[in-house]
Amino acid sequence: MIYNYYLEIKNRCLLLSLTWISVIFISYFYKEILLFVCMKPSIYSNTSTIFYFIFTDVKEVFSVYITLIFFLSNQILMFYLIYHVLSFISLGLYKFEYRYCKLVFITSIFFWFFSLIIFTKILFPISLNFFLSFQTLTSFKSLNFHFEAKLSEYLNFYIMFYYICTFYCQIFVVLVFFFDYINTNLNLIKNFRKLFYYLFIFLSTLVTPPDVFSQILFSICLICIYEILIFVNIFFCYLKFLIRQPIKTN
């Protein structure tokens, strides 16, 4: 029995390794497209800055491609790893436990896609516009700054910002199942509400640029999503209560 488990783990590790290596090779052939996707928010930003990138080392462009390829490969490997872990432990779970773990996985993927859209379309362009707005000084017309973006530093900033945004959006996965865990105690939800409000303001301060308007706007969005999750949770709890009520007959 233990040997069979060992063989299954070995086969799954082999499949994960082949998947990771395959993604690396495929990503290498499309490395220019991947780099363009990362640069797209800066190219189509609303600033008047003409964006171009410099490199100060002979091997810098190659290292940027390698970093980008491994970055994408690790993201795909993570989802496959979670899938294989869930498939491996599924035989030892009850049906409701398997469905619960599957729901967690699907919800996590949904919030990951949501964070990717928010990051690409809203947060990253706003951050670029904010930081590049200091290039031109309005008080001293004769004094001006000229920005030359270094390719490796831009990619590091992009990846760091991506991880921060993804991590914060995954917090909502915890919130969804936290509400499901305490759905029978509304007083407990009310007691935690202020704590989550402070947490959202703190997260907004870390994610958004040091701009008061951006921080307030992002905090309001997080709080609205939080309240919507509470409302949806209470609504489904009420539906479950109505379904469990016996039907009265004359």
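In case you wondered, yes, glycine gets a Cβ from its N, Cα and C as well.
TrEMBL lists 12-30 (among others) with the feature transmembrane segment. For the transmembrane segment (12-30), the list of distant contacts is 65, 68-70, 72-73, 76-77, 80-81, 84, 87-88: same-chain residues at least six beyond its ends, Cβ to Cβ under 8 Å.
The transmembrane segment feature in TrEMBL is assigned to 62-83 (among others).
The transmembrane segment annotation in TrEMBL covers 103-124 (among others). Counting same-chain residues at least six beyond the ends of the transmembrane segment (103-124), those with a Cβ under 8 angstroms from any Cβ of the stretch are 40-41, 79, 82-83, 86, 158, 161-162, 165-166, 168-170, 172-173, 176-177, 207-208.
Residues annotated as transmembrane segment in TrEMBL: 160-183 (among others).
For 195-210 (among others), the entry in TrEMBL reads transmembrane segment.
The transmembrane segment feature in TrEMBL is assigned to 216-239 (among others).
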